[in-house]
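Pulled from TrEMBL, these are the features on record:
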type	residues	note
DOMAIN	A:72-256	domain 'ABC transmembrane type-1'
TRANSMEM	A:20-40	transmembrane segment
TRANSMEM	A:80-101	transmembrane segment
TRANSMEM	A:113-132	transmembrane segment
TRANSMEM	A:138-161	transmembrane segment
TRANSMEM	A:182-214	transmembrane segment
TRANSMEM	A:234-255	transmembrane segment
Amino acid sequence: MATDSTVTTPRRAGRLPRALRSRFFGWLVFAGVLLAWQRYASTHPSPRYATVTDVAAKWWSEILGGPLPAAILQTLRTMLIGYAIAAVLAVAVGVLMARVRFVYVLVEPPLELLRPMPISAVIPLLILYLGIDDAMKISVVALAAFFHILLNAYSGAGSTPRTMMDTARTFGLTWRQTMAEVVIPAAAPAIFVGLRSALAASLVISVVVGMIAGNDGLGHLLMIQQQSFLVTDLIVGAATIAMLGYLLNFAFLFVERRILHWHFGATRAQD
Amino acid sequence: MAISTTSVTSSASVASPAGGAGRPAPLLEAEDVRMTYRGRRREVTALRDLSLRVGAGEFVAVVGRSGCGKSTLLRLLSGLLPASAGEIRVAGQPIDGPPRQARCVFQDYAQSLLPWKTVAGNVRFGLRHAYAAPAGDHDALVAHYLDLVGLGHAADRYPWELSGGMQQRAAIARALAAGPRLLLMDEAFSGVDALSRATLQDVILRAWAEAGVTVLFVTHDIDEAVYLADRVVVLHPEGHGVLADVRTDLPRPREQVTTRELPDFLRHRRDLLNLVLD
C-alpha cells in the first residue's frame, strides 16, 4: 500500500469564512435590521409605526412607572406556580407510569386521549368552573406544561439501563430508594428536556390566558393597548415577553448545567 | 515461598470445604437447579441439573463455552432470576431474590456505576447499602477501599473520566465496601484491554485475600480461571450442569509472569482447555 505519511484534513466544501461563522455575525445582522427599521419609521411618520428609539424610551418609562412591571410580575407568578405544580406532578406520574404496571394501565388511556387536545380548547370550560382568577390561570399553565414533562419523565424513567437496575437490586435498595437514588437521577437528562420545552409553553400560555381572561397580566395589557392603537406600547409588550423568554431560558440552562454537569461530561467523554 | 504459605492459610483458613466430618454448611449451594426461559412459541432450557457448593473463603472460577449457561448461572445465584426448579441456598437459607450477603460485579461497568456520582460517591453508595458495613468513619472507609483497588488518586473523578479498567476497579471497591460475604463476578474483566485485565486480576486477588470474601468468578478465559482460582468448575457445553470440578491449588500469592510459567499452571490449563474444547 502506498500511503503517504502526512495526512491532511480535507477542507470541507463550502465552508464559511471565519467572520461569518461567529455568533457575533448574527447579532450584527440583527442590529442592521433595527437600524433599517429605525430609518424607515422615522422617514415615514405614521401612527402605525414606531421608531426603535421611541420603543426603547417607552420601555424605559414603562419600567420606571407604568403598568408593565406589575403585569410582568403577575404573568410570571401565574406561570411559575403553574409550572412548578406541573413539574412535581408530571415527574411523579411519569416515573410511576414507567415503573408501576398498575399505574400505567390506569393512567395511560385517558392521558393518551387528552394529550392531543389543544390547551386553548379547555380554557372556556375552566373559566366556567374556576372563574377568571389565579386558580383558573394556574391550572391552565400547569395543564399545558404537564404533558411536555410527563412524556419525557415517563420515557426517561422507563429506560434505566438493566445493569443499573440489577445493581440497585443486588445492593438491596428498597423500591423507594431505587426510585430516588437510581431511576430518577438516571432519568434526569430526559426530565430536563421536558422541563425546558414546558418552560417555553408555560410562558406562551400564561400570556394567552391573560388575554382570554382579560383581567391582569401581560396578555391583558397587550389587549388594552391594541384596542387603543398604542403601537409603541404593543411593541414594548411583545419585546418584553421575548426578553422574558430569553432570560428564563438562560436561567434554565444555568441550572441545568449545574445539575446535569455529569451528563454533559459523560456525553462529551463518549465522543 | 514463606510468604505464600502464610497468605494461603490466612485467607483459606475459614474455608477448606474439603475438611472431614462436622464441617460448616457451605456459603453457597445450588441443588438441581434448572432454568427454562419461556418464549412465545417454545421453551428454552438454558441450564439443568446444576449442583454446586462453594465454601466460605473459596475463590472459585466457572468456565465453559458460550451458550453453556454461565451468565444464566450467575443471574440465578445472584437472585436476579428465579430458578425454574431446584434450590439455591446462601449460608443455609434458600434465596428468594438477591441475597443480602452477596454483591455483584457486572461486565458492563459503565452501566453499573452511577455516572452522577464521583468514584468516592459510588463507593459511599456501597457503604450506605451494605450487608455488614465495617465500623468506622465513612470517609476513612471510602479511602480504604479506594486504596485497596489502587484508585486513591481518583476519588473525586467521575466514572466517565476514567479508563475501563479503572471504572471496573471502582465497581469492585463499591461492592467490597458493602462488606459482602460473597462476591459474584460475571465476565467482569472481559470488557477491558489485556494489560488492564492483568491489573484487575491482581486487584481482585489482593481484595479477596484482605477482605476475606468468597469469590465466584464466571469467565470464558481458561488462563484467567487457573490464574485466579483454587477451584475451576467447567460447565457442560449444552447446559447440562457441571462437567468437571477441578482443584488447582496453585501456590499463592500469584504473580502474572511466574505463576503462568509453573508446570502445574500449564498442566491445568491444558487439561481444562481439552475439556472445554471437546
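The backbone N, Cα and C atoms fix where each Cβ goes, glycine too.
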Among A:20-40, A:80-101, A:182-214, which stretch has the most Cβ pairs under 8 Å to the transmembrane segment (A:138-161)?
A:80-101
Could you tell me whether the transmembrane segment (A:20-40) and the transmembrane segment (A:182-214) have 3+ CB pairs under 8 A, leaving out pairs under 6 positions apart?
no
Contact set, same chain, for the transmembrane segment (A:20-40): CB under 8 Å, 6 or more residues outside the stretch:
49, 51-53
Same-chain residues near the transmembrane segment (A:80-101), Cβ under 8 Å, at least 6 residues beyond its ends:
107-108, 134, 137-158, 179, 183-184, 187, 191, 194-195, 198-199, 202, 205-206
